[in-house]
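Report on the following structure.
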Amino acid sequence: MTIHAEGLVAIVIFYVLILFVGIWAAWKNKNSGVSESGDRSESIMVGGRDIGLFVGGFTMTATWVGGGYINGTAEYVYLPDYGLAWAQAPFGYALSLVVGGLFFAKPMRSRGYVTMLDPFQQLYGKRMGGLLFIPALMGEIFWSAAILSALGATLSVIVDININMSVVISALIAIFYTLVGGLYSVAYTDVVQLFCIFLGLWISVPFALSNPAVSDISVTAKEEIYQSPWLGKIEPEDKWLWADNFFLLVLGGIPWQVYFQRVLSASSATYAQVLSFLAAFGCLVMAVPSVLIGAIGASTDWNQTTYGSLPPKDKDESDMILPIVLQHLCPPYISFFGLGAVSAAVMSSADSSILSASSMFARNIYQLAFRQSASDSEIVWVMRVTIFVFGALATAMALLTGSVYGLWYLSSDLVYVIIFPQLLSVLFVKGTNTYGSVAGYIFGLLLRIGGGEPYLKLPPFIFYPGWVTQEKTHHLTGEVEVFIQQRFPFKSVSMMASFLANVVFSYLTKYLFESGMLSHKYDFLDAVVSRHSKEIMDKATLVSNHDGIILSEMAPVSQALGASLAGTFTNTEALSDDGVSSPEAFNN
């Protein structure tokens, strides 16, 4: 296999630039961001809560505009019978950021949380927090693995270098600067990476459009020339499936630590909302070149190109349409600019996911669940170890697991079905408890897994109304794959069932225990009668009001917990943003 020297040089220059920016950001943080008495662990997790609008807007946009975003958008626009109508990611994620900014950013930032799991552990206890950590961790790790895998395939298409080598080098660079600088390095490198994505793709588009093999995309949008029109359409029988996927993007895009890490790093709750709105606009803008590249792919007579007589869809390479267009419809030096864009998109998402997973583990599992007396430096070292471990795990999955995209699809569904209704309950529904949380978890999990997952060849054991048997033919091997497609919006129904189960079981157990119908000794989760036990409170301070003894702010008794933990729910600067000082204020 011949290595393209120019492409290799372009990649080396780009990676050196990213590494330099990451190290510079870490140095800047070390010398001016954290004082000797400050919390290094909290600085790594939320950047000292002083991320401004410019850097914050870029890093939140870059978190969504990753390799899967730009490649997936181009793929769906290109695919026959799908087209732009099914390219839901740009509008879905943009709307997700708007909804997150309107309803979730302000309460989360105002209460001074450090991670997304903090409110769950505050209200439901450390054991429930550990259960909710599982789907959150799966989502982050599988997402990182999926985009690293996509990067390796992309580099192999354009530069002809070994896939494994490109994945390992990219992952090592992302892990290294994340280890050194935490959120500061991730945020500042995101600025560079987003600029590279925008510049690299927009430089490529005019060259691809002007290629003689490409027909007028305004004509192919509505007329069939080489394949069905790229605008696409939604068949009546698929409308509920389309709606289910759209709501998954909009609502399921909210409960991710990568999002709340940016929200919680903002200097105020108002800034957190503004960052969400800026990122929503950024997602739409950054999707435009991907949409155009997908349209170009659908408007190309591939027989006139160096790609060959068969189009990508007939070679089962539709998911690689973006790098294929860059390589075969653009001059080599232009395709390398686009290559840098793809690499930037992947690294901007991979570093964010790895940092998010390690933040949740170090704080919510290690510190709050097992080592409340851990020092700040101890938490920092736990984060460093887990950044490396989770990064290595994602890299190994990218290299060894063929169904990594299927794992990510399933885990992202679990985030939507399980974590979103839990987040809705803990922030906006007064009176939910651990019993309801467990019931919601189980209901959501069973209903979602019961629907099956074709990407993992996981057969359903619940056949929802409207299910059909579908066949997929692999063009190269001739193999016919038969699977069950659930056209019923079972993911959204599972999410609603999880939410209702949480509320119903919470109020039911509360009534049973408080009325005396169930003995207090059966309150084994300490969620109703003994909700202020040592296990639930994690050494928190009890305060009282007219409703009786309730959990207000999780204020540690011992200063040995470290300033980071002590400031979690008592951040006076954060709480003064809108005058809210406790969760009860949101529920009254």
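Keep in mind that glycine also has a Cβ here, set from the backbone N, Cα and C atoms.
Predicted automatically and left uncurated, TrEMBL annotations should be read as such.
Look at TrEMBL and you will find 7-27, 85-105, 131-159, 165-184, 191-209, 240-259, 271-296, 333-358, 379-400, 406-428, 435-451 tagged as transmembrane segment.
Sequence-distant contacts of the transmembrane segment (240-259) (same chain, six or more residues past either end, CB-CB distance under 8 Å): 60, 63-64, 85-86, 88-89, 92-93, 95-97, 99-100, 104, 115-117, 136, 139-140, 234, 352-353, 356-357, 359-360, 412-413, 415-416, 419-420, 422-423, 466, 485-492, 495. For the transmembrane segment (191-209), same-chain residues at least 6 beyond its ends with a Cβ under 8 Å from one of its own Cβ atoms are 14, 17-18, 21, 54-55, 58-59, 61-62, 65, 70, 217, 282, 285-286, 289-290, 292-293, 296, 325-326, 329-331, 334-335, 337-342, 344-345, 347-348. Scored by C-beta pairs under 8 angstroms, the transmembrane segment (406-428) has its highest count with 131-159, from the stretches 7-27, 131-159, 435-451. Under 8 Å from some Cβ of the transmembrane segment (165-184) lie the Cβ atoms of residues 15, 18-19, 21-23, 25-29, 33, 43-47, 51, 148-149, 151-152, 155-156, 159, 261, 265, 343, 346-347, 350-351, 354-355, 383-384, 387-388, 391-392, 394-395, 398-399, all in the same chain and six or more residues away from its ends. Between the transmembrane segment (7-27) and the stretches 85-105, 131-159, 271-296, 435-451, the greatest number of Cβ pairs separated by less than 8 Å involves 131-159. Outside the transmembrane segment (131-159), and at least 6 residues removed from its termini, the chain residues within Cβ reach (under 8 Å) are 3-4, 7-8, 11, 66-68, 71, 116-117, 120, 166-167, 170-171, 255-258, 319-320, 322-324, 326-327, 335-336, 338-339, 342-343, 345-346, 349-350, 353-354, 356-357, 360-361, 364-365, 390-391, 393-395, 397-399, 401, 404-405, 407-408, 411-412, 414-415, 418-419, 422, 438, 441. Sequence-distant residue pairs (6 or more apart) of the transmembrane segment (271-296) and the transmembrane segment (379-400) include fewer than 3 whose Cβ atoms are under 8 Å, leaving the two stretches without contact. Sequence-distant contacts of the transmembrane segment (435-451) (same chain, six or more residues past either end, CB-CB distance under 8 Å): 120, 124, 128, 131-132, 413-414, 417-418, 421-422, 425, 458, 460-462, 464, 486, 490-491, 493-495, 497-499, 501-507, 509, 525, 527-528. Under 8 Å from some Cβ of the transmembrane segment (85-105) lie the Cβ atoms of residues 60, 64, 69, 72-73, 76-77, 79, 231-234, 242, 245-246, 248-254, 259, 263, 266, 269, 272-277, 279-281, 283-284, 287, 290-291, 294, 423, 427, all in the same chain and six or more residues away from its ends.
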